[in-house]
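Right, one structure below, let's go through it.
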Amino acid sequence: MMKFTKQNFFFLVGGIIIYIVDIGVDFWVASKYFCQGQYSWSILILCFRALSSLITQIFSYDWFKNDWEGTDTGKLKWIFLVHLFQCGIFIRYWFALKYGCQAAFKQNSSRDASETSPPNVIQKQAVDVVTDINMLRIFKTFLETAPQLFIQIYIFIEHDKNNFCQYAAIIMSFCGISISTVDYQISLRKSLPDKDEFRVLPKLVYLFYKLLTITSWILSISLITILSVRSSVILLIFLWICGFAWTLKQHTTFCKSKKMEYLYRTVVGVILIFTFFNVKGRKTKVCISIYYATHIVVTLGILFVYMFWKPSSIEEIHFIIVSILTILSLVLGIIFLVVYYRCFHPTTYCRPQACSDEVDGETGQKDRVEISRFQNFIMQ
């Protein structure tokens, strides 16, 4: 297991700030649309915010319940109330700051390194709690941030109405997608012993691969939505059904209860609408090739159809710009994808014996819940 460094701690603090700012921007944009009489957009934004918050709180509380199984029930009741008021993520950030500060700044201090809390145990606590946060942020990104980015781009193209708050929302959406996907990969490599360190160049390549392919896909969906809202809804539902069915076929074992497992598979189905995730940590060459080949075919099909049935309300210059951006981001995204998987993606995943025997060279130190939870999570 790799170390939780001072740099990781400062990134954690930055993530907290961005998370709070993102909440403020969402309510600011929703209020602006409401004041302008565009109630449907305001309600949609708030609905995505409420849905993502509800689901992340459910998973967060379930993880607390599993981790604290057999402990004081009074703590769990208090934790439940906090999650009920949609503030569970802030408890997790508090634990992350606590353990992260110990791991990054105090682990080398002789007075802090005791027999009961050796440095490698502190490191593991810090990495595990940050990993859980990054899991929840992945859920939030594709349940809220990506759909909101789609809404903002659709409004921008269809209604030709833009203002500062809309630009702020688009920028925050791009930042949210970028940070959450990269942070998840960092946590993946820190948590699994067979992963190599995620250095600067691989981070950038991975970031551009995800960001560009997601951007191209969102632009494509925006175009078909302008052409026909019904067609867009049917396409998204069909894609979710395909993603959900594929997740069922993988027989995922992420959650302890069947109800939570089906909720997990439902969320993964939504994630698969926007980007590829390997839910079982197996070789992905065939699956990822089929996934992005399908995206390329559908994207080109949407652009082709749009050339002949373009709505009169859309100016030609807007369509040309969006088409160029869609194709360019798709091509560049696929190039970065190939470069990442050919040059930087670790080919050896965490072996069961490596995870179950020792943690950071310390015999007998096992964490069944954390290891099981992360090993069975979507491993890209």
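Glycine residues also receive a Cβ, built from the backbone N, Cα and C atoms like all the rest.
Annotations in TrEMBL come from automatic prediction, not curation.
The shown structure was predicted, so the numbers you read here are calculated from the model rather than taken from an experiment.
What TrEMBL lists as transmembrane segment is 9-29 (among others). Counting only same-chain residues 6+ beyond the ends of the transmembrane segment (9-29), those with a CB under 8 A from a CB of the stretch are 45-46, 49, 89, 93, 96-97, 100-101, 103-105, 130, 133, 137, 145, 148, 165-166, 168-169, 172, 175-176, 179, 183.
Residues 23, 26-27, 29-31, 33-34, 76, 79-80, 83-84, 86, 88-89, 92, 132, 135-136, 139-140, 143-144, 147-148, 151, 155, 255, 257, 260, 263-264, 267, 369, 373 of the same chain, all 6+ positions outside the transmembrane segment (41-64), place their C-beta atoms under 8 angstroms from a C-beta of that stretch. Summarising the annotation, TrEMBL assigns transmembrane segment to 41-64 (among others).
Sequence-remote contacts of a segment are chain residues at least 6 beyond its ends whose Cβ falls under 8 Å from one of its Cβ atoms, and for the transmembrane segment (76-95) they are 12, 16, 19, 53-54, 56-58, 60-61, 64-65, 68, 129, 132-133, 136. If you look up TrEMBL, you'll see 76-95 (among others) marked as transmembrane segment.
Residues 8, 11, 15, 18, 21-22, 25-26, 28-29, 134-135, 137-138, 140-141, 145-146, 148-149, 152-153, 156, 198, 203, 206-207, 210-211, 214-215, 275, 380 of the same chain sit 6 or more residues outside the transmembrane segment (167-186) yet have a Cβ under 8 Å from a Cβ within it. Per TrEMBL, transmembrane segment is recorded for 167-186 (among others).
Counting only same-chain residues 6+ beyond the ends of the transmembrane segment (207-227), those with a CB under 8 A from a CB of the stretch are 146, 149-150, 153-154, 157-158, 174, 177-178, 181-182, 235-236, 274-275, 292, 295, 298-299, 302-303, 305-306, 309-311, 314, 322, 325-327, 329-330, 332-334, 336-337, 339-340. Feature annotation from TrEMBL assigns transmembrane segment to 207-227 (among others).
With a threshold of 8 Å between CB atoms, the same-chain residues lying at least 6 positions outside the transmembrane segment (233-250) that come near it are 221, 224, 265-266, 268-273, 279-280, 298. Taken from TrEMBL, the feature transmembrane segment applies to 233-250 (among others).
Annotated transmembrane segment per TrEMBL: 262-279 (among others), in sequence order.
The transmembrane segment annotation in TrEMBL covers 291-309 (among others).
Positions annotated as transmembrane segment by TrEMBL: 321-341 (among others). Away from its own ends, the transmembrane segment (321-341) comes close to residues 157, 202, 205-206, 208-217, 219-220, 222-223, 285, 288, 292, 295-296, 299, 303, 306 of its chain (Cβ-Cβ under 8 Å, at least six residues beyond either end).
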